[in-house]
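Presented below is the structure to which this report refers.
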Amino acid sequence: MEKFVVVDLETTGHAPSNGDKIIEVGIVVIQGRVITDQFQTMLDPGMPIPPFISQLTGITDEDVAGAPQFEDVAEEVSAFFKDSYVVAHNANFDLRFLNSALEEAGLSPIQRPVLDTVELARILLPTAPSYKLSVLSEHLSFEHDQPHRALSDTLVTAELLLSLLEELGKLPYETISHLLTLEKSLKSDLRSLLEYRLEELAFEDIQDDGLEVYRGLAFRKVHEEDDTVSAITQSFGEMADQLYQKEGWLSEGMKGYEPRKSQLEMSEQIFDVFQSNRHALLEAETGTGKSLAYLLPAVYTAVKEKNRIVISTHLTQLQAQLMDKEIPLLQRILPFSFKVALLKGKQHYLSLSRFESELQQTANDNYDIVLTKAILLVWLTMTETGDIDEVNLPSSGKRFFLHMSADAEDTQDPFSPWFSRSFYQRAKKAAWQADIIVTNHALLCSDMQEEYQLLPSYQRVIIDEAHHFEATAAKHFGLALDYVSIHHMLSHANKVYEKATDELPITQAEMLIWQSLWDQTKEEADEMFRYIHDFVLSQHKKKLGTNDIGRLQLRLEDVRETKQVLVIAEMSNRLLFVVRDCIHHLLQLIKSADKQGEKKIADSIRNAADQLQTIIDAIERMFLLYDDGEVKWIEVDMYGARNAVYLYSEPLDIADLLLEHFFSEKKSVVLTSATLTMKQSFAFIQEQLGLDEHTVTRRFDSPYSYQEQVQLLIPNDFPDVRGKDNYPFIYAVCEAILSLAAITDGRMLVLFTSYDMLKKAFGLVKELTEDQDYTLIAQGITSGSRDRLKKNFQSNKKAILFGTSSFWEGVDIPGEDLSCLVIVRLPFQPPDHPIYEAKAAKLKAEGKNAFMELALPNAVIRFKQGFGRLIRSSNDRGIVFVCDDRMMKTRYGSYFTASIPDVPTHYKSTAELLELSEDWL
């Protein structure tokens, strides 16, 4: 009978080599898949427990006073592990401490098979949101009463192990076989468990009907949807009334539904726009319920007219919300059926042919690649979509996935054995059959750029989060290239060439020429990108701008006449000469492959040659062709590798391109967002997008009672935000944060406009709260994605969340989790940002005011997004504290206050505002 001994330790630090000691041991024994024994003891480490460990675990010096030392319990602890598996969550940490303590006590270290539940959970629960024990326990609905206490953590890890063993038992023979070939490179000793399961499966006659096995890969069969679509018998007006009225269909399908006048009006407006074949800009404030408001007319029109409609979003969170909540709701309650498909770019879908090929190549796989392969093998038995966004891959796994996505396929050959099973082809087929296609702005713009060859044909589209559409379009009509991408493309070309040499008659001399060329290309690229890196760094003393993550930015126009740019042009020509030579050799290879009838090899070489051509096109456009209609800039990591260089180019004005290639091609484009206007005017967004005066424009007010729900506070005694030395301002901000946190008990989101200021403020607040129990979470400092940081914030009491850029929008923290929003500065784009610089120069040349026509509208829209983070439901209450008094002291400040809902506004001393906050909350 298998015996599993689960262990968890609490310690004074991270490394026994630094003298850190164990302060608590928790052990749980599992036999016969049930818990049979448990053990827990505090231990005296013989040293003070650091304050941050006491804060994390709740264990104090008083708790361990009089407790045994480790050597007193060493034999008892060691005895548990006889003839067992050792199980721990992040096993390396616990085993390192345990074996160090055992050896100090004069006992032998534990040398038993190890199961690391972090690794096992990654493999067997590939779609879990995180692999922290606290998150997994929540995800699997385990009770976890005392996180960071040894016995509580051990009991949860034991439950987790049992759950993981159950998941392992569901896997088919083929998946287990593949995992067995990967096992030797994993941290966990899974061989015996996998071999035992293979023996069981060899004699089992039961097959999972939901799985298909092809060419040794097991994957989930796709559920075929019913093709029948019922007819619509009601007018749109009748259906809208029945949907939105107090006792209507929505009230039956949604708990707590309340009719909203603005929601019905928005639905009617969109239906009218579709009927009249016009374009529209519709601003729907928070709480309008805009997703359902646009879905009803879209679904009704698509089914009634038998013409598909596309819905595009910027963020994947909104796509998920539409696909998981709003659309299934409408499918349940509407009296007719309709079909919906989600379609993303090819890079999101796993290619089964590429994955099959990668599984056969294991010689050079490092741990992360092996782990990624194991994760994908298990995920294939679960997914129907093949969409990698479902999977929680390690960061290096995400890079490796690029080689296995549908985008990396050398060909879309309809006669390929995998074609009919291709996830991407299935998604495309579903899109062709759908009434509604949900996609993202990136694919919508790629489709536009590829002359509408990617998406099924459509004439009507709804663009949600439309304030991002212009920037996304500009990126797609521009270029982005970096050294790492070039390195990957060159390495891929070499790999393809070397593979072809095994199948094609290539002479030794030809191989030597290729190797020499490839080496020379790498050297030229290295030299050129290092030179660019050094050049940008040399300009740093001229006060270059930085992006959100601290990279230096240099606009090419500012240095076009320098001798260094001439040197870069010369280096570009040298690099392109050898890249063209590489392409020439690949084209010769294609001819050879065609002669030999090796179509697959020819396609893979052609794909590699096309990739090299993108390098030529990008470098040529960036450094050798001049176009005053483009803005070009370089970014470098100041402290990164010497060739960590990023090249960018975008059209200066996207409006004419959008008008010609998009708006004039479509019958009706509806653009909607909560933030499209400045002072209730759509003029700025209309001009940015190239929409004329015939465009329908309308605002829909929020149903929330902002007068009762929000107080806007602006201090009149803060240091000048524009001062050269920003330390006095940052210190005042931090003091205000701490004073407000004492009133709101944390529950605060602080929004910054620069990462540099965020870092300084975070460091200062951390220093000032060392003896207090606030949980400080900061973007770029605390590890984890934006969603992970948000969940971290919501799950911790007295938490303060510091965010920049992406936290200004798309972050929903409803209810009492968020009571205070601090906006540190008005969100003006840095004047030295290359895009702003170029656009401002163009406006100035036209005799226009760049501040009023560009900087201010962008800042107001951004401010509205930030302001919208606080009130997410009719029950929310809170304060918005704006540290930047330009809102009240300048003439343009009124644009900010006039663009948000009418709320009580107080411009007083900090002390008065704090007193007001305390009374109001």
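Backbone N, Cα and C atoms are what each Cβ position is placed from, and that goes for glycine too.
Note that the coordinates shown come from a computational prediction; the quantities given were computed from them, not determined experimentally.
Database features, via TrEMBL:
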DOMAIN    249-510  domain 'Helicase ATP-binding'
DOMAIN    271-481  domain 'Helicase ATP-binding'
BINDING   Ala284, Glu285, Thr286, Gly287, Thr288, Gly289, Lys290, Ser291  ATP binding site
MOTIF     464-467  motif 'DEAH box'
Worksheet entry | Cβ contacts under 8 Å made by the motif 'DEAH box' (464-467) with residues that lie 6+ beyond its boundaries | 281, 290-291, 294, 311-315, 318, 441, 671-673, 675-676, 685, 861, 865
Practice prompt. Please list, for the motif 'DEAH box' (464-467), how many residues fall into helix, strand and coil according to DSSP.
Written response: 2 helix, 0 strand, 2 coil
Worksheet item: What same-chain residues, at least 6 away in sequence, bring their CB to under 8 Å of the CB of Lys290 (ATP binding site)?
Response: Gln263, Met266, Leu282, Ala284, Asp464, Thr672, Ala674, Phe700
Worksheet entry | Other same-chain residues whose Cβ falls within 8 Å of the Cβ centroid of Ala284, Glu285, Thr286, Gly287, Thr288, Gly289, Lys290, Ser291, the recorded ATP site, in sequence order | Ser262, Gln263, Met266, Ala293, Ala674, Phe700, Ser702
Worksheet item: Cβ distance under 8 Å to Thr288 (ATP binding site), same chain, sequence separation 6 or more: which residues?
Response: Arg260, Ser262, Gln263, Met266, Ala674, Phe700, Asp701, Ser702, Pro703
Worksheet entry | Which of Thr286, Ser291, the listed binding-site residues, has fewest other Cβ atoms within 10 Å | Ser291
Discussion item. Under 8 Å between C-beta atoms and at least six apart in sequence, can you list the same-chain neighbours of Gly289 (ATP binding site), or say none if there are none?
Written reply: Arg260, Ser262, Gln263
Response to the item:
Cβ neighbour count (10 Å, all chains) around Ala284 (ATP binding site) is 26
Worksheet item: Using a 10 Å radius around each Cβ and counting other Cβ atoms from all shown chains, which of the binding-site residues Glu285, Gly287 yields the largest count?
Response: Gly287
Worksheet item: If you average pLDDT over the domain 'Helicase ATP-binding' (249-510), what do you get?
Response: 91
